[in-house]
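TrEMBL lists 38-58, 78-100, 112-132, 139-164, 176-194, 206-232, 252-275, 287-304, 310-332, 352-371 with the feature transmembrane segment.
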């Protein structure tokens, strides 16, 4: 397989995940015009942030993760803040996977248990696998992501004959700030930039791969949100699929939900294992404590009633945007002066634009949290 395609597929597979299911709901609540404007603003911002991380990696001899680069270029206090953001982001993602798993299982097996009960049952199975030390193979993850993308595309094709412009909301000023956190959460994939760079023999192609992958994701999300909300209209549900049942029938939705379950389960295993191993190897935690934090913390949040899929990813996107996004901007700026390696590409970004990006992230997060 062409290495540029493999690298791009890896990045796309990391980005397109649970967040995709929230996009149609945002379209139906905020309106198509605000969503278009958000994509036109956040799309370039997210592309730049991923390019910044790519250049940071290429400017630094030592191979590290975002936390390591933060300590190297910004110091220990910033490292703690970024590490906390990453932990909250991962924990929140695990919680989102639990919520979606229950919703999808409820579509496939509606008459046996409630979605919340399905979430707990699946959590038990996945936690047992994490305890055993199951490791996800990168190729399997890639195949799952490709299959998921294919199934979603098939669902979109089934939706097209039922698309009606009258179902679309143009602008809803009461929910105009809703898209920020959700779109940001859905487009973050810089955790895969290091792996993407490793795949490429010619590091100069990293810039093109990042731009192409992010552009594809932005376009895919926009079309997905537009088409689904144009089919189900005001009946669009938070996880997208349930609102399509009266229109497309249960068989198509069950097909989509089954793949959704597989993707969500795979993602839960991968991220929970990653978090457990990070606690063990990076923070020297005992195995039981690391395992407990990785697996029982999201369940505890779920049992405490945190089950609003939209609200959770809205907050997560805002937190990640402000802390990790701003950190990437500052690390990138520092690495231009302090990096110990000649990069294969170098962005010529003026200082005022860097501060403008931080302002956009901060303003968007404040508006999202206080006015949405």
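Glycine residues also receive a Cβ, built from the backbone N, Cα and C atoms like all the rest.
Between the transmembrane segment (78-100) and the stretches 38-58, 139-164, 206-232, 287-304, 310-332, Cβ pairs under 8 Å are most numerous for 310-332.
Only residues 6 or more beyond the boundaries of the transmembrane segment (352-371), in the same chain, are considered here, and those with a CB under 8 A from a CB of the stretch are 41-42, 45, 48-49, 177-178, 180-181, 184, 314-315, 317-319, 321-322, 325-326, 329, 332-333. Contacts between the transmembrane segment (287-304) and the transmembrane segment (139-164): absent, as fewer than 3 C-beta pairs lie under 8 angstroms at sequence separation of six or more. Counting only same-chain residues 6+ beyond the ends of the transmembrane segment (206-232), those with a CB under 8 A from a CB of the stretch are 4, 7-8, 11-12, 15-16, 20, 23-28, 32, 35-36, 39, 43, 46-47, 50-51, 54, 58, 149, 152, 156, 159-160, 162-165, 167-169, 183, 186-187, 189, 193, 196-197, 200, 240, 243-244, 247, 344-345. With a cut-off of 8 Å on Cβ pairs spaced 6 or more residues apart, the transmembrane segment (112-132) and the transmembrane segment (310-332) reach fewer than 3 such pairs and are scored as not touching.
When each of the listed stretches 139-164, 176-194, 252-275, 310-332 is scored by C-beta pairs under 8 angstroms to the transmembrane segment (38-58), 176-194 comes out highest. The stretch from 176-194, 252-275, 310-332 that makes the most Cβ contacts under 8 Å with the transmembrane segment (139-164) is 252-275. Sequence-distant contacts of the transmembrane segment (252-275) (same chain, at least 6 residues past either end, Cβ-Cβ under 8 Å): 17-18, 21, 87, 90-91, 93-94, 97-98, 100-101, 104-105, 107-108, 122, 126-127, 129-130, 133-136, 140-141, 144-145, 147-148, 151-152, 155, 158, 241-242, 244-245, 293-295. Using a Cβ-Cβ cut-off under 8 Å and counting only residues 6 or more beyond its ends in the same chain, the transmembrane segment (176-194) has close neighbours at 10-15, 17, 19-20, 22-23, 26, 29-31, 34-35, 38-39, 42-43, 46, 49-50, 53-54, 57, 63, 65-66, 210, 213-214, 217-218, 221, 310, 313-318, 320-321, 324-325, 328, 364-365, 367-368, 371-372.
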